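**Q** Copying in the features that Swiss-Prot gives for the protein in this structure:
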BINDING   G691, P692, N693, A694, S695, G696, K697, S698  ATP binding site
COMPBIAS  26-36  compositional bias 'Basic and acidic residues'
REGION    1-67  region 'Disordered'
Amino acid sequence: MAPGEQQLSLVPDDTIQGSLFAPEPSEDKTEESERPKQRRSHPGRRTAPAAQHNEDSSNNDDEGLPRWHHHGLVDPLALTPMLRHYVELKAAHPERVLLYRLGDFFECFFEDALLTSRLLELTLTGKEGGKSIGRVPMAGIPHHAAERYCSELVRRGHAVALCDQLETTAAKGALLKRDITRVLTPGTVLEEGMLAARRNNWLAAVVLDDEQRWGLAVADVSTGELLLHERQGTTELQQQLLQLEAAELLLPGIEAAEWCPDGLGLTQQPRTPFEAASADRALKQRFGVRNLEGLGLADHPLARRAAGGLIAYLDASQPGSTVPLERPQLVFAGDALVLDHQTRRNLELTATQRDGQFQGSLLWAIDRSHTAMGGRALRRWLEAPLLDATAIRGRQEAITELVEQRPLRLSVRRLLRPMADLERLAGRCGAGRASARDLVALADGLERLPLLADLLKSSSAAPLADLQQPRPDLQQLAELLRFQLVDQPPMSLSEGGLIHDGVDEDLDDLRNRLDEQENWLAGVEKRERKASSNPNLRLQFHRSFGYFLAVSRAKATAVPDHWIRRQTLSNEERFVTPELKEREGRILQLKARSHQREYDLFCRLRDQVGEQATAIRDAARAVASLDALAGLAELAATQGYCRPELTDGRCLEIEGGRHPVVEQLLSESAFVPNSVALGHGDKPDLVVLTGPNASGKSCYLRQCGVLQLMAQMGSWIPAERAAIALADRIFTRVGAVDDLASGQSTFMVEMAETANILQHASERSLVLLDEIGRGTATFDGLSIAWAVAEHLASAPPHGLGARSIFATHYHELNALAGSHSNVANFQVVVEEQDAELVFLHKVMPGGADRSYGIEAARLAGVPPSVVQRARQMLERIEGGQPLAC
């Protein structure tokens, strides 16, 4: 954390914070930890940490730190047995925050205590470390709130190792058995509270050879997806990583290189798991195959190595459980429309260019899906539009059917609205992490599949066919879950109340015996009321004291002789009887056996669900596609979209097109539609677009790119009519800023982006350029702009012949239309009314000869004196007069 950066604190519940700290009991009683009585004031406020608290600092100055601020400073043999074990585990996981279960809390010590107390705003306290050690730093969190706190640590990029208790009762004179049961890292979390619901949480691993050929494995452990890439060139690798925005990237034995995007969470790994033999062995074991030909990986050695190393990392982070992964799927370069990072950023696909916000992005504007899995599916479609015309038409057919059949669309969306995230629920079940409430939510979702199948039985669109077939195995699973689990199970899995009566004979027998004991307790209460002549006597239970008889202080002096005083409170006295204490042991033993039996039954049921994780995920992905399609249909039906016609060749013809984001953001005026026609018949390949500043040229460029992209998603688009041929790539260069990190000026950034376009565009590409050459001297800029435009318009081999729109203030470029038959001039028109400039935002044929820059400056609020002086200088320039006088 940089100095001055604010740290985000979690706001603890008052009940949690109040019970989090208590005095340390004597050593001979429990292993519980000492907790101070005071609470930190304002625990939920954001505070700026002091400079010395910079967690990323390499400063070794220990001034102001506790004596034992690092576990490596102590002699393990001088520590208490519990802390000695903690230090042994910490030495094995030095880069991870170690949370060590002690009773109802997870504790951390030494440097981890200092870190968590600062990041999570926990009170830093201490624990006795040994006679020669004294007190060592300690901080703790309640075990039932661990997910909340761990989520914050993971969000900040820290890995967390959880050391849990492996037994409930220790042998006499021994510590409870504890060990690492889970490692939480940004790329391996499964818990719902640690994941963004509507986007994948990618874990990636890269293997690079000496010839810059690379293999990339990408897994989402929460959904089971495993994607493999193998290609050439680190530039393409960088683009792939920028697109993925992986939560964590595994690098085997190499440091971060220039191709590694800034801000990516990197985890260094040993080379061995990524070597060919180890990786192949891991893949065969995970997927139960004797050779890798069956997985289609025989000819992709680097992808295999990356996948094998990733699987080894997952196995190490999930001891005792196996995260269910689907068989690997190879992804090839020509599978989807290519969108480089700059194009994604310029078109604002998932975040706005100015401030990185979701609201205002294209995904924000078009996402009408109801489920988390539908939202993830739509995001994937947006990030990887199709190149297969058949697949695109299939999605179009489904949307058309749902648009035209409004009752069907509304019924489908009503069924989908409450559906849980079946894809991730299946993953948690397979990994043994699902709760009882997760299984109930899963049952509810599976019960909706037959209802969806019935609604879609007459549908003819291919994407809807996957849900038309009955799934008897999943229907039986839903029935099993409903039969065994109560409708509203508790959060805890260890305190009973999960399983219906009639499911298990042994459990029913234990419950019947407990009912008998409850009847006996009711009889005791009735009998003791009579014996004490106190009708207000209550028989109660406390976790620490067991069963007791409670009477008011006023009645406490007249109790029977066989009562034994146990506790005195301000308003009541508590007593026990020999008979009650003798029976208490039997009751508690029965409860423990009953709870354990329920837990065992639940785990068995969860394992049964996990065995069908693949089938559940298949159904979930079909539901996700339906949800995404139904959402796009709702958008099309309510926003006046049209179905674009897919054509062969290079046609891009859109009548009355609108920008889907801008038209939703406009509140006081209607969006002005505009048309475009490129790449076929007598239509140009290159449009030179001129017009005033702030008139809408950049919006028009983005609109054309967005509508091409939406069409290749299979979506309808905001237009009156459209005929669109498939593009292999979309390139945009709209605006540029200095790249301070690499020392590049605005002009150099602009030229680098332009060079990338000219090197990779083809006749089938769509190229959208704004203001090429503006960052240098006027004549240099004009010359560059002319040459670039001419190269785009010229057919191969002399140029690219790409469909292009070139927005510029160099009005000299209008002359290109006179020398190139496939170039046309268009302008964004304005009107001058009473010396005022009125922007019409309408694109019309013909080239502009003025940019109205001074009028735009006036509208932007430039002082009148400066505007007037600018007009004077313009007159001098246009009149050929010297500027200085």
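Glycine is treated like the rest: Cβ placed from N, Cα and C.
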**Q** For the recorded ATP site, whose residues are G691, P692, N693, A694, S695, G696, K697, S698, find every other residue on that chain with a C-beta no more than 8 angstroms from the centre of their C-beta atoms, and list them by sequence position.
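**A** Filtered neighbour residues, in order: V828, F839.
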**Q** Determine the most Cβ-crowded residue among the binding-site residues G691, G696, using a 10 Å radius around each Cβ and all protein chains in the structure.
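**A** The residue with the most neighbouring Cβ atoms within 10 Å is G691.
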**Q** Radius 10 Å, atoms counted are CB only; among the binding-site residues N693, S695, S698, which position scores highest?
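**A** The largest 10 Å Cβ neighbour count belongs to S695.
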**Q** Least buried of the binding-site residues P692, A694, K697, going by other Cβ atoms within 10 Å?
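**A** The binding-site residues P692, A694, K697 were compared, and A694 has the fewest Cβ atoms within 10 Å.
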